[in-house]
Amino acid sequence: MAEKRNIFLVGPMGAGKSTIGRQLAQQLNMEFYDSDQEIEKRTGADVGWVFDLEGEDGFRDREEKVINELTEKQGIVLATGGGSVKSRETRNRLSARGVVVYLETTIEKQLARTQRDKKRPLLQVEAPPREVLEALANERNPLYEEIADVTIRTDDQSAKVVANQIIHMLESN
């Protein structure tokens, strides 16, 4: 990859966007950003608290602003929040400003990877986690697919293996 194109990782919670994003950025010698971490940095509070205080709409407004700013940078890897694709503006920006990689995973893997994580506001509800994840998948998977330039399943692969697959796919395009 001669020129450093922005790489934007989208996908559901537990797909490995942050872990794979860090690995990918390291291998490509690019800057890594995580939209949730940027929101936390700017607000001084964790995303769960922001979500509780401002509701999902307030959180999504912050997320949209952060992603807009970050996608204006050059040569970055950005791990987006799982729900960021709900915003048409965000989808358009991601598509226009870089390569969008959809990290796909099964509900079973999502459950295994998120079961002890208390920083997932959408899972801190009364409904069974499987039902929540299935509903989110039904709503969001078509949006991930709509903007994806590349789709990679992450289920039983290490971050390094997935990062190498992404690099290979980008080099062959």
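Cβ coordinates are placed from backbone N, Cα and C, and glycine is handled just like the others.
Note that the coordinates shown come from a computational prediction; the quantities given were computed from them, not determined experimentally.
Per Swiss-Prot, ATP binding site is recorded for GLY14, ALA15, GLY16, LYS17, SER18, THR19, ARG120, GLN157, and the stated evidence type is sequence analysis. According to Swiss-Prot, the Mg(2+) binding site annotation covers SER18. Look at Swiss-Prot and you will find ASP36, ARG60, GLY82, ARG140 tagged as substrate binding site.
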Based on Cα coordinates, which of the following binding-site residues are within 10 Å of GLY82 (substrate binding site): GLY14, LYS17, THR19? GLY14, LYS17
Just how many other Cβ atoms lie inside 10 Å of the Cβ on GLN157 (ATP binding site)? 16
Take the Cβ of GLY14 (ATP binding site) and count every other Cβ within 10 Å, whichever protein chain it belongs to. 23
Take the Cβ of SER18 (ATP binding site) and count every other Cβ within 10 Å, whichever protein chain it belongs to. 17
For GLY16 (ATP binding site), the one of ASP36, ARG60, ARG140 that lies nearest, given that the binding-site residues are compared by Cα: ASP36
Using Cβ-Cβ distances, find the residues under 8 Å from ARG60 (substrate binding site) that belong to the same chain and are at least 6 apart in sequence, listing them in sequence order. GLY83, SER84, LYS86, SER87
If we take the residues ASP36, ARG60, GLY82, ARG140 that the record assigns to substrate, their largest CA-CA distance in Å comes out at 18
Other than ASP36, ARG60, GLY82, ARG140 themselves, what residues in this chain have Cβ atoms within 8 Å of the centroid of the substrate site's Cβ atoms? MET13, GLU63, THR80, GLY81, GLY83, SER84, VAL85, LYS86
Cα of SER18 (ATP binding site) to Cα of ASP36 (substrate binding site), in Å and rounded, measures 10
Within 10 angstroms of the C-beta of ARG140 (substrate binding site), the count of other C-beta atoms across all shown chains comes to 19
